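S.K.: What TrEMBL lists as compositional bias 'Basic and acidic residues' is 1084-1103. Residues or ranges marked as domain 'Ig-like' by TrEMBL: 1-80, 84-174, 189-277, 282-369, 374-463, 464-557. The feature domain 'Fibronectin type-III' is assigned by TrEMBL to 564-658, 663-755, 757-853, 857-953, 955-1047. The region 'Disordered' annotation in TrEMBL covers 1084-1121, 1148-1194. Positions annotated as transmembrane segment by TrEMBL: 1052-1074.
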Amino acid sequence: MLLCKAIPTPRYTLPLTISCCSASFRWVKDGKKLNWMGHNGSGNFTAHGDKPLSDYQGHYRCYADNTLGTAMTHTVKLITESTPTLPKQKRSHKTAEEGASVVLHCNPPRSSTIPHIHWMDKKLLHIGQSERVTTGLDGNLYFANVLKNDSRDDYTCNAQYISARTILPKEPISLTVTPSNDVARGRKPQLMQPQGPHSSHLALRGHSLVLECIPKGLPTPSVLWKRMDVNLSETGAWTDNHGRWLRFDSITQKADGEYECLASNTHGSVTHSYTVTVEAEPYWVKEPPSLLYSPGETVRLDCQAEGIPTPTVTWSINGDVILSVDIDPRRRVTGGVLVLKDVVFGDTAVYQCEATNKHGNILKNTYIYVIELPAQILSSDGVVYQVTEGGVARLHCEAFGSPRPQVTWESEDLQNTLLSDSRVSQLTNGTLELFNSSREDSGVYTCSITHNNTSITAHLEVLKRTVMLIGPQAVQVTRGGDSWLDCHFTFDPHLNRPQILWRKDGQKIMESSLGDKYTLLGNGTLRVTDVQSADEGLYSCEVITDLDSVLASGSITVVACPSPPVFLSLSEEQDHNLTLSWTPGNTHNSPTTEFVVEVKEEKHPEGKWESHRVTGDVNHLELHLLPYSTYRFRVSGVNRLGRSNPSEISEAYSTLPTVPESYPLNVRSESTEPGTLVIMWEEIDRRLYNGSGFQYKVSWRQVQAHHWSHTHVPHPPYLVNGTRAFSSYEMKVQAVNSLGEGPHPVPVIGHSGEDYPLASPSKISVSVDNSSAIVRWQPVDTHTVQGHLLGYKVTTTIEIKGGRWVVEVDGNKTKEVVTGLKLYSLYELSMTTFNRKGEGPHSPTHPFRTPEGVPGPPASLDFESPSETELTLHWRPPTQPNGQLVGYVLQYQQISDSRNSPPQVEVIYDPTVTHLPLDGLDPHSRYVFYLRGRTSAGQGPPITRECATLLDGVPPSNISTVVGERSVNLSWVPGDRYRNHSFHIKYLSKTVGGKWEESEQVNTLQAFYSLTGLQPGTQYRLLITHGNYTHWEDEIQTTELRGVEGDFATQGWFIGLISAVVLLLLLLLVLCFIKRSKGGKYAVKDKEESQMDSEARPIKDETFGEYSDGDEKRSVSQPSLCVESKLGSDDSLAEYGDSVDIQFNEDGSFIGQYSGRGPAPTGNESSGPASPVNLDPPPPPIGPSFAGILDRTS
């Protein structure tokens, strides 16, 4: 049944109602009218059973007629055919070897519609499809290679004809797979479909197309599709049927071009190229509208169609082609444009525009109605129009009437004519168009009909336009990462909330897609999670308001490490060189910068993967392989994101054996014992053996001998016995294996083991120059060395102290200078010859003496100060007299701020004198002393010291007190550069009957004293006198007696002790600060008596010992204040024990203090002159000496 329905047009519901009469129908078949009448007004054409079905096949067109014209349909092709049937079939059986390719044919009955093919078994279960087993476009079942489990007897092809509602099952096919040994070798890919290297395909725009590529081979080949000139994704194609089909759905012109299929496995590859040509059936570009016209108007109908090839356009009126109608001068046809001038009522008709090419035709019926009606405005009054800035405002004023009424527009601003604005235009249908609208265009506009009182008003509101602030960008995302695409915008607040529409490759991202993959944030941003290759593409964000829209686009490009290279292949081996080639893997949008080729040698256990690198535009590498080795290869790609996984490891490749290509290096003799020759060499790498049965051929002979001795050993060294000591031999080592000998090396010279030298140098002579001796000798005969002459040893021995040292001299020398000898000393010299084995016999000894020289500086210089104007110098003789000492020279001078005073010189002619008193010195000045020793050779370097005398001591005046219940603790800072002074503390109880009492004797260097035996809660007056006047006084009051309560820390005596310690530490800090602020001060360091309690003695880490004469100590007088400014000798003065106490002051000068002990004189007098008698010592101080505390070393 062919359906034909007509809808009367036009139909208007106005004050004047126009309707059309019912239509009558007629059919034309193959250009001839059918003698057939419709039933009950129906235009349907029904075939009757009284004729064969084949009589109805042809091209049909339906016409519908009424009083206003005739409309018609496009041409319809009717195809008639019987229901497909299967002829009688025989059951077939196929046999194939394992690994071979097989095709099971279906051959369904032919039909105008292509059947759907289903390969099933006897249980009506589909046969599993994969890259190995595929159904082709022809319906056949293709096996790229068969397996044993492919054997079965129920392969059944079922052809489904959807239009005929029929399924035709063919007879089952039996397949038997037999085992084969060829499976291990594999098969190179070949194409089963399509045949040949190239094929062409024609497709129509909007239709579907499938390209097929079904390979065979073992292992199963993989298929790679590509477009030759552009990216495959731009064509809209996608792979189907396990990559064996390239499918185009609704194909477009972009798909026109060249394509290639590459099928490959480890044994090779094969390609097939395709030419796809896309043509098109006719389609409309512009269609003419159906309109009303009044008499006298001009009708223009535009009909534009496109197609490939370009369609031809014809015009018809009421179904009759215009060219066959009488020529009307008012009518003009130019291509797809029909113009009819000065229309009359008789021009009312249906005009047909038909476009045709070889692929089909399309037809458009346009209704032209010529009528005369009164003018009316059909558009509503008071309509509010909204538009955004920059947009186009269209104010409608549709007028109806025949003849067509003239419409005019006016704005509120009557001074300006609207049409004078270049942005304003009025369409033929009365619509006012305002381009590039601005906020100033807002207002009321009036539309009226010329020569008529009919008018309407329109209100225009111009709002802010929607602006995209930040749109999606082109981003690159690492596979598996997340991506955010922005969509930030602004819009007019008078508008409703815009709709945000995201698209991917033009397809809407539906709300149902939002979730794990896509997340639309509140600000319009789209988040794409876990980005994969399928997420690549063009993304657009469109913001749609009621008035406008704005669109911005970006893209996501997925980047990742390259895919591993595939299809590794090796060229034929030539001279152990071959070329490894590979096919690069997918770059994943990041170009491959280099390939890493890894080679592993497997025959030897130490083989490891060795890397070679080539640039990313090279897919092969020439490799040099070692003979008699087994190799495997793998390749990785590298881009900016990292390195791919290695490719599949290649099959093992073995190279042929050959003779060795190198010989051992560094052949040498390592003989150590006389009578043996040890031949040593560096072993060859096992990978360079080049074959089985590898050994070293060792050859040797004496120099100038004719015959070689040979032996074969597996490894070094090789020992030759029975040789003479240090004999010369020629030696060579050659590599050999089961195929023969390697290259011949050049012999090297070696020697047998060395023995001790037999002789020493002769004609030895010695000449002395001060502390040096020049030794000369005659070399030994080389035959007596019995080895390599390494040199001579010169042994020098000093006679008195037994000192001995040895100087090694190069064997080429005959003279050597021995330095560092002591002056005025007797030496003995001898020489030996030595080689690697050792030394030979000593030569006879040669005695010699060094001359006398000037002495070194005195060993020490110390000072004592008996009074303010006296100093006594004490020294020790030089440790290096360098001859007979004849005396000393002392030079000293006063140091002043303005200039130094003239030096004073004292000459001492007695070398046994070791002290010298000086008097008449200025107590307020410092002196510098230079002391030198003398021999007959002259004066030696001096020992230099700076020193000053000590001043008479006085009692302390700045005393701090800490009061307890029965005692008071007194502490003070001893005076700087003052002698120790003894005094008594007088105290008076201010109670009735109190009397003056006196403490025991106290020394100023104690710095602390505890006055005990006081009464609790009593006021005392304390007094210290010096001469006939009061030197210091103070009043104190002891604390009240308290009960013994609380713990240990609350006891008064304990608190007092802690307070004293704190006060001492505070004074220590103050003194340190003063000493750092002022230079030139002298710290007094007290040597306490040996009988003192060990806890009360000051610690002295840097003191010098006293000067001693025999076992008798010197006098009790205090030493002077001295400094060592320069030593003429490097010897340390500290080694001389108890002479002078030396320390550094803050300004860097030395302070010397006599370290002897003795009692202070009674009364207020200063310490007297020195005395050899040791008097009773004073009572020990309560606390440690404050000066001693300052002198302690941290």
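Each Cβ is built from the backbone N, Cα and C atoms, and glycine gets one as well.
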S.K.: Quick check on the domain 'Fibronectin type-III' (955-1047): DSSP residue counts for helix, strand, coil, in that order please.
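M.R.: Result for the domain 'Fibronectin type-III' (955-1047), in helix, strand, coil order: 3 helix, 43 strand, 47 coil.
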S.K.: Which numbers of helix, strand and coil residues does DSSP report for the domain 'Ig-like' (374-463)?
M.R.: 6 helix, 44 strand, 40 coil
S.K.: Summarise the domain 'Fibronectin type-III' (857-953) as counts of helix, strand and coil residues per DSSP.
M.R.: 0 helix, 54 strand, 43 coil
S.K.: The domain 'Ig-like' (189-277): mean pLDDT?
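M.R.: Averaging the confidence scores along the domain 'Ig-like' (189-277) gives 92.
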